[in-house]
Amino acid sequence: MPTPHIEAREGDFADTVLMPGDPLRAQFIAETFLDDVVCVNRVRNMLGFTGTYRGRRISVMGSGMGIPSLSIYAKELITEYGAQRLVRVGSCGAVRDDVGVNDIVIGMGACTDSGVNRTRFGGHDFAAIADFALTRHTVDAARERGTRVKVGNLFSADLFYTPDDAFFHTLQRHGILGVEMEAAGLYGVCAEFGARALTVCTVSDHILKHEALDAQTRQTGFAEMMAITLEGLLRDDQEPSHD
Ligand SMILES: O=P(O)(O)O[C@H]1O[C@H](CO)[C@@H](O)[C@H]1O
Ligand SMILES: O=c1cc[nH]c(=O)[nH]1
């Protein structure tokens, strides 16, 4: 059962795993939002925890940065530990005028410059999309809390330091809500191995306006994103249809 990257034993993970990029954010989420928390992975310091949220067993584990790192963990969580729902809870950069720092965006789809989904999909374009019911339940949870979220396309970049700034204007023109580095990979892995996926991000910086949150806030400052994600999962438990 343990893999080269995860030391947990069978049953240590819940069927639902939250995946921030930052393992210290995973620890913060576990300690802040979950009860009865147990640490289930320390390999490579990619911290993983299992606890309960309002009585519902939930795990949280870092994915690392970028699609290759996330793909290893997501695949193993599904095929070795039985994960059925993987929700990335990340940070992203904005390019649109109407998306600002601290806004919450939900990745209904994710474009990418990565080749991983073509590799797994016979060389063809793969439409990397979130699970619809999970998306709907999270949006409903946000509405009930009075929290505004934007739902649409993310862009999952291989390079954090994009060599050509003009590309950000292309992303803006195409309505991209946020630039991050994992969602398209998560959606591809979950499609291939049969799990349901969603990405919820808090905007940590505006790339074109040169505004940014500091590293500490990216580690511990995303409470509202966590609240709507966790409440969305409880709603999804009550109506788990794949509509
Ligand atoms: O804050 P996280 O969840 O790591 O997400 C974003 O931050 C990292 C880059 O700084 C990338 O992983 C990107 O996707
Ligand atoms: O990947 C990321 C994350 C936050 N901000 C960015 O510009 N890119």
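Cβ coordinates are placed from backbone N, Cα and C, and glycine is handled just like the others.
Copied from TrEMBL, the annotated features are:
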type: BINDING; residues: His5, Glu180, Met181, Glu182, Ser204, Asp205; note: purine D-ribonucleoside binding site
type: DOMAIN; residues: 17-214; note: domain 'Nucleoside phosphorylase'
type: BINDING; residues: Gly21, Arg25, Arg44, Arg88, Val89, Gly90, Ser91; note: phosphate binding site
type: ACT_SITE; residues: Asp205; note: active site, proton donor
type: SITE; residues: Arg218; note: site 'Important for catalytic activity'
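In this structure, Gly21, Glu182 are the binding-site residues from Gly21, Arg44, Glu182, Asp205 whose C-beta falls under 6 Å of some atom of ligand 1.
In this view, Met181 (purine D-ribonucleoside binding site) is surrounded by 27 other Cβ atoms within 10 Å of its Cβ, with every protein chain counted.
Taking a Cβ cut-off of under 6 Å from any atom of ligand 2, none of the binding-site residues His5, Arg44, Arg88, Val89, Glu182 qualifies. When the Cα atoms are compared, Arg218 (site 'Important for catalytic activity') and Arg88 (phosphate binding site) turn out to be 14 Å apart.
DSSP assigns Arg44 (phosphate binding site) to a helix in the three-state reduction. Candidate binding-site residues: His5, Glu180, Glu182, Ser204, Asp205. Nearest to Arg88 (phosphate binding site) by Cα distance: Glu182. Each of the binding-site residues His5, Arg44 was scored by the number of other CB atoms within 10 Å of its CB, and the largest score is that of His5. Using Cα positions, the member of the binding-site residues Glu180, Met181, Ser204, Asp205 nearest to Arg25 (phosphate binding site) is identified as Ser204.
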